[in-house]
């Protein structure tokens with residue numbers, strides 16, 4: 001095991017302010033091309049340079065595996081657990097659980113520490129990835145022995161459940177910072193657009209395993225219908241078994257990375273070492289505290305850039321339009337009687353398309369117009385959101401769906417996931433292009449964090465708004481009374497022999513309101529501003545120290 005007796009910091013050396021001329025911009029491009037920490041997918045004139053080079057493929061696979069591990073707890077926190085909770089909790093209570101996902105949107109606060117603080121002999125990124133994954137794996141194993149008891153009374157244990165998953169997501173978010181930074185150094189400069197592809201494939205795989213595959217195998221009816229010859233009274237995979245299994249996978253992969261993976265790939269090591277030695281020599285006089293302070297200072301300098309501030313605003317408002325669809329449509333279908341295993345099959349069909357979409361969109365997004373696909377997909381996601389209103393409204397009153405309706409649900413999911421993948425890959429490709437190599441993963445993590453925040457902050461409001469705007473009643477053979485809480489609804493259907501009727505369904509109002517806001521924002525601000533930011537030169541995204 002490498003010696004870890006001392007902690008090193010990546011220093012941020014001061015740069016003299018200078019005016020940027022066209023020749024200087026060209027020089028910047030040349031210098032960045034030769035830098036190991038270069039996050040730019042260099043704009044090569046060779047149009048045949050579209051395939052991933054052979055020497056980068058092992059690193060590409062490693063990135064996929066690391067992102068996949070992140071996707072396991074994230075898929076549970078963002079997907080499966082809300083579904084399991086919704087059967088016993090209201091939308092507002094599920095909204096409270098969504099607070100567990102906020103570390104992904106707040107990791108900007110501690111990303112400079114991850115980017116700067118590390119054990120030199122252990123490796124800049126491995127210093128964080130290895131201990132975090134060991135802790136995450138241990139937590140998953142421990143949670144596996146307790147989760148079933150916690151879910152027996154979710155209303156009483158909601159704070160505990162939320163706290164545990166908040167911690168897991170916090171660890172995943174911290175790992176994400178390290179992996180994002182490693183992605184900038186582990187691939188050749190010309191292959192860096194594939195970093196977003198690895199992220200898409202890995203996170204989607206982990207997410208769908210924890211969401212789609214788990215929900216299917218955790219369903220008693222799905223297990224008995226498709227996986228068994230003789231029916232049993234328990235599902236194929238329990239949540240406890242699933243958590244325990246992935247806990248051990250976490251630990252095994254962590255040991256593999258610790259002992260068999262080099263921090264610097266052999267084909268990049270010589271060139272990158274020269275670059276790193278120059279940086280360390282230029283600022284060897286800095287103390288660890290001064291160096292870390294410089295990283296935070298540089299991060300805030302990034303946030304003060306006018307172009308970055310405009311980009312931040314786009315990130316914060318660009319996902320409002322499809323928030324109700326993506327947060328509540330599946331929950332609403334389940335509430336209306338759509339079988340959980342059918343929903344799992346629907347999302348499972350999405351999975352191979354997600355992988356294919358992610359690979360080819362990376363090629364489409366690799367260039368100076370990488371945000372053009374993002375704009376097209378924005379309107380596509382709004383269309384998918386509008387179709388979700390029709391899909392939910394058209395749900396059969398009998399609760400029995402036919403093949404045509406099932407196909408419509410699948411197509412609506414495919415449209416939404418396709419457009420979401422286009423936006424995700426395009427935006428991450430653009431992030432990679434504009435990130436400043438002098439602050440490694442901090443710049444890129446800043447942008448990714450703000451993008452995540454744009455998808456998280458409206459969620460609590462939207463789910464709560466659905467509850468606020470909904471008016472439901474319990475109708476029995478002899479009476480009708482207001483019934484809004486999940487306890488009341490359960491009592492109505494199970495003990496009172498009644499039926500829940502929505503006098504006003506907040507889902508439709510909230511979804512249409514989000515779509516309207518999304519359209520207004522797109523045509524009044526987002527489209528024009530995105531095209532402007534896309535046209536800027538790389539130097540206009542750089543911090544210039546005085």
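Please read every residue number as a count from 1 along the shown chain.
Yeah, the Cβs are placed from backbone N, Cα and C, and that goes for glycine too.
Owing to the predicted nature of the structure, the values given are computational and were not obtained by experimental measurement.
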Have a look at 485-505, 506-526 and point to the one annotated transmembrane segment in TrEMBL. 506-526
Of 102-121, 242-261, 262-281, 282-301, which range does TrEMBL call transmembrane segment? 242-261
May I ask you to indicate which of 60-85, 320-345, 346-371 is given in TrEMBL as transmembrane segment? 60-85
Among 30-51, 404-425, 426-447, TrEMBL marks as transmembrane the stretch 404-425
Do any residues of this chain, six or more beyond the ends of the transmembrane segment (404-425), have a C-beta under 8 angstroms from a C-beta of it, and if so which? 196-197, 200, 204, 322, 325-326, 333, 338, 342, 346-347, 349-350, 353-354, 357-358, 361-362, 364-365, 373-374, 376-378, 380-381, 383-385, 387-388, 391, 394-396
Of the listed stretches 128-145, 165-189, 242-261, which one has the most C-beta pairs under 8 A with the transmembrane segment (201-222)? 242-261
Other than its close neighbours in sequence, what residues sit by the transmembrane segment (60-85), given a CB gap under 8 Å and a spacing of at least six beyond its ends? 52, 93-94, 97-98, 100-101, 104, 129, 133, 136, 140, 151, 154, 158, 161, 165, 168-169, 171-172, 175-176, 179, 182-183, 186-187, 191, 194-195, 197-199, 201-211, 214-215, 218, 239, 243, 246, 249-250, 253, 257, 261, 330-331, 334, 340
